[in-house]
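Structure record follows, encoded as structure tokens.
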Amino acid sequence: MKSIPIILLGCGGVGRQLLHHIISCRSLHSKQGIVIRVVGVSDSSSLLVSDDIMLSGMRDEFLAEICRAKSAGSPLKSLLNHGHCQLYTGQDALENIVSIASSLGRSIGLAVVDCSASAETIGLLEQVSSLGCCVVLANKKPLTCGIDDFEKLVSHFRRIRFESTVGAGLPVIASVTRVISSGDPISRIVGTLSGTLGYVMSELEEGKAFSEIVRAAKSLGYTEPDPRDDLSGMDVARKGLILSRLLGWRINLSDIKIESLYPSEFGPNSMSTEDFLSKGLSQLDVKLKERVATASSKGNVLRYVCVIEDSRCNVGLRELPKDSALGRLRGGDNVVEIYSRCYKNSPLVIQGAGAGNDTTAAGVLADIIDLQDLFA
């Protein structure tokens with residue numbers, strides 16, 4: 001049986017769903033000759049580590065208890081007496097992860113799985129990668145930091161997977177990487193890279209109010225913890241940046257033209273998430289309704305689109321023909337079109353569900369399994 005030990009960073013919706021997937025897939029993975037051992041789990045304040053990281057890991061019953069506790073808003077430290085594990089906080093937590101990486105990285109192997117939404121994990125990920133560990137990301141922020149840090153993180157490309165950072169469970173990264181590796185230069189990538197905004201745009205077509213749609217999307221788990229990460233276009237811009245950098249472009253977020261769906265006075269520095277949801281959103285209803293009506297009068301629909309072409313990446317609202325691939329899009333699906341020499345007149349098209357904790361966690365799990373040949 002091939003053993004893949006992992007440390008999970010982040011116990012939010014995606015992290016908890018990943019643990020559920022790991023538990024529910026035990027029988028399937030056993031038939032494939034694989035066992036995923038969760039040896040550590042961390043939240044924003046602490047880290048729980050199994051007493052035996054070398055041979056076993058946390059029991060499934062304890063992993064389920066972690067999910068229940070975190071869903072109820074309890075910290076990991078409240079579970080210290082429920083399982084055979086040690087608790088670390090602050091700098092001790094970071095040092096312990098590095099210590100585990102040093103012990104397992106080049107011998108048994110270790111995958112550090114970042115399902116947080118933090119920009120502060122980049123240094124840790126670089127450290128564990130340099131120690132021979134694998135890195136799996138659902139968190140986009142480490143890949144959208146400064147270009148030098150990005151290049152350090154992806155320098156061991158065989159040991160890093162980040163499919164879920166762009167299309168949840170869709171094979172967007174794999175497809176782009178495959179085309180590039182074949183020597184087929186990519187000239188253009190265009191698509192709707194946000195299931196959240198795809199859902200919002202298609203619901204707007206049905207005549208629903210923008211504020212009503214966004215609140216519903218948040219309750220369904222389609223949005224980031226602060227929906228403004230989606231509505232600002234920043235989430236799409238991060239995805240566009242990751243794809244642009246895969247094409248070899250040394251650009252940063254500041255180089256991307258981004259159209260926000262809310263004004264700056266409604267931003268995080270001026271208004272809390274709660275106030276934005278309860279007061280700010282409704283003030284945007286009329287403007288978005290008018291833009292939808294204007295597009296409709298021309299026989300078009302409104303879509304939030306990312307265009308990567310000629311060393312530039314732009315994201316924002318565009319009017320598109322109703323019968324186009326992007327115009328026909330409904331719900332939370334993503335559509336990505338890849339144009340290259342081989343796919344010049346008929347692009348490579350990838351379409352499917354592009355949002356939700358379940359889909360994203362499934363993509364993360366697939367990335368972990370994809371690393372199996374690197375483990376003893």
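Cβ coordinates are placed from backbone N, Cα and C, and glycine is handled just like the others.
All annotation found in TrEMBL is predicted automatically rather than curated by experts.
In the shown protein chains, 19 other C-beta atoms lie within 10 A of the C-beta of Gly13 (NADP(+) binding site). Taken from TrEMBL, the feature NADP(+) binding site covers Gly10, Cys11, Gly12, Gly13, Val14, Gly15.
Cβ neighbour count for Lys140 (NADPH binding site): 23 (other Cβ atoms within 10 Å of its Cβ, all protein chains included). According to TrEMBL, the NADPH binding site annotation covers Lys140.
Sequence annotations record features per position, and here TrEMBL assigns domain 'Homoserine dehydrogenase catalytic' to 171-369.
The feature L-homoserine binding site is assigned by TrEMBL to Glu224.
Within 10 Å of the C-beta of Lys239 (active site, proton donor) we count 27 further C-beta atoms, all protein chains included. Taken from TrEMBL, the feature active site, proton donor applies to Lys239.
Take the Cα of Gly12 (NADP(+) binding site) and measure to each of the recorded positions Lys140, Glu224, Lys239: the nearest one is Glu224. Of all the binding-site residues listed (Gly10, Gly12, Gly15), Gly12 has the fewest other CB atoms within 10 A of its CB. Within the same chain, the residues at least 6 positions away from Cys11 (NADP(+) binding site) whose Cβ sits under 8 Å from its Cβ are Val41, Ser42, Asp43, Ile66, Cys67, Lys70, Leu76, Cys115, listed in sequence order. All protein chains included, Val14 (NADP(+) binding site) registers 26 other Cβ atoms within 10 Å of its own Cβ.
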